[in-house]
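Asks: Here's the feature list from TrEMBL:
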TRANSMEM  16-34  transmembrane segment
TRANSMEM  54-71  transmembrane segment
TRANSMEM  83-105  transmembrane segment
TRANSMEM  149-168  transmembrane segment
TRANSMEM  175-198  transmembrane segment
TRANSMEM  250-276  transmembrane segment
TRANSMEM  288-309  transmembrane segment
TRANSMEM  321-340  transmembrane segment
TRANSMEM  352-376  transmembrane segment
TRANSMEM  420-437  transmembrane segment
Amino acid sequence: MTITDFFARLEKKYQVLFIFIIFTMNNGFAWLMFEPVADWLKTNVHGMTSRSLQLLSSWQPLVFLCTFIPIMKLVTRYDGLRLAVRIGTAAEIAGAAFKLVGAFAHKSTFGLVMLNIGQIFSGVGSPVATGAVSALSATWFEPEERTRATAASVLFNSVGNSLCYIFIPTLTKKLSFSAVTVYELLMAAIGLSLAWVIMPQEPESAEMCTETKEQTTLQHSAASESKNDGDVVVHSKEHISLVTQLRSLWSIPSCVCLLVVYAWLSGGFSAWISLFADTYSKFYSEEFIGIMSFFGMIAYVAGGIASSYVVDLYFSRQMKYVIFFCITMNMLCNLIFIACTPNDKSYSLWNLGQSFIVFSTALCGFWNGAAAPLFYELVAEISFPVEEGVSGICISVMENVGALVFYQVVSRFFTGQSMSVAYSFGMTVAVALTAAVKQRYNRSYHAYLLQNAEENC
């Protein structure tokens, strides 16, 4: 059975989701591929220092902030998601190629330059990989499926992050860092091929019923015909200008609170875990730190999948309270983590062994991930009629701002255990901001009105 035959058996919405998952997973892998082998790179790559490593990890959020506006415009137009994924996969394969050259030329300054250029190209795809998830779920999936579709799209970027901590140290030790870049290039080639050859076109929009019954009949027949194919027909929208939508989104206090919280919750969390190698290298081996980080990110994914399933079934109108509960638990788990890990003087409040440290890291990841995908859906609900492509990318912008602030500000002023304390304090502020959010389900109410209007036509 060929790849084409395999995808032909899937509904189109699952084809899109599968291709997007491959793309976003490789994008997540590219972001954090240097930190797990920081010591090896400092020893073997000419000119590599701790600041060089922080710059390599910072390129993705920096490039994101430079490219998200054109990507946002692209995603909000018809079939823009498919074109955006194609552009993202093309940029990713270019970045992987530059990094492959840099890995082979690691004994010279040229090699370090190539690694940085490669990271810049990889960053071009990040607004799509992390910001287009709400647009994907709203376009291709039914309302009762959207939280799970959003969760899968968001969380597989973190699967790519988690692969770094187990896969990269092993591959680098047995072969070389060049083998890591070869793997990235192969995955980028697969993503590029699927995006350009297999990924289906966005379904045509179903028009709302109009004044004449003839038009209504045609629209209902088109809708039922599309549903028989397993595709979701999205309602057409009058595209409001991007500036107007952004102004509307940022004028809603509840949305602003959620965006600020997400910046620290997700962006800060990814940066915090990626800096474990520098934070705890005095106390633990590189292998153990990799295990800590891996279980933290895997638990992040597990938490998001679990919460999205539960919310879709039981709490689709209570997302704020689920988010509040999850980040409160995350804050408490951060305190447990701080208590059982050593401070700069090698003292830990609870000396419960390395297994418990891994467990506490996983707890932090689980509750963090459980909250993450719900932000995309709740912001889309509150900010409606702002389009999902706009609200989703704004959330992703804040995630990258959070990561950038953690890399370039927090890590400079706080080192060692104090960095974890700073992150935990930020989570306390996040809990307070979440309590101030007023949830409104405007998008769901609009869909309900449309459904009633169609039934009355």
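Glycine is treated like the rest: Cβ placed from N, Cα and C.
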Asks: I need to check the long-range neighbours of the transmembrane segment (83-105): which residues 6 or more away from its ends have a CB within less than 8 Å of a CB in the stretch?
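Replies: For the transmembrane segment (83-105), the list is 19-20, 23, 26-27, 30, 71, 74-75, 111-126, 128-129, 132, 176-178, 180-182, 184-185, 188-189, 191-192, 195-196, 199.
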Asks: Taking the transmembrane segment (175-198) as the first stretch and the transmembrane segment (16-34) as the second, find out whether 3 or more Cβ pairs fall under 8 Å, excluding pairs closer than 6 in sequence.
Replies: yes
Asks: Please identify the stretch among 54-71, 149-168, 250-276, 321-340, 352-376 with the greatest number of Cβ pairs below 8 Å relative to the transmembrane segment (16-34).
Replies: 149-168
Asks: If you count Cβ pairs under 8 Å, which stretch among 54-71, 149-168, 321-340 touches the transmembrane segment (352-376) the most?
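Replies: The stretch with the most contacts is 321-340.
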Asks: Counting Cβ pairs closer than 8 Å, which of 149-168, 250-276, 321-340 has the most of them with the transmembrane segment (54-71)?
Replies: 250-276
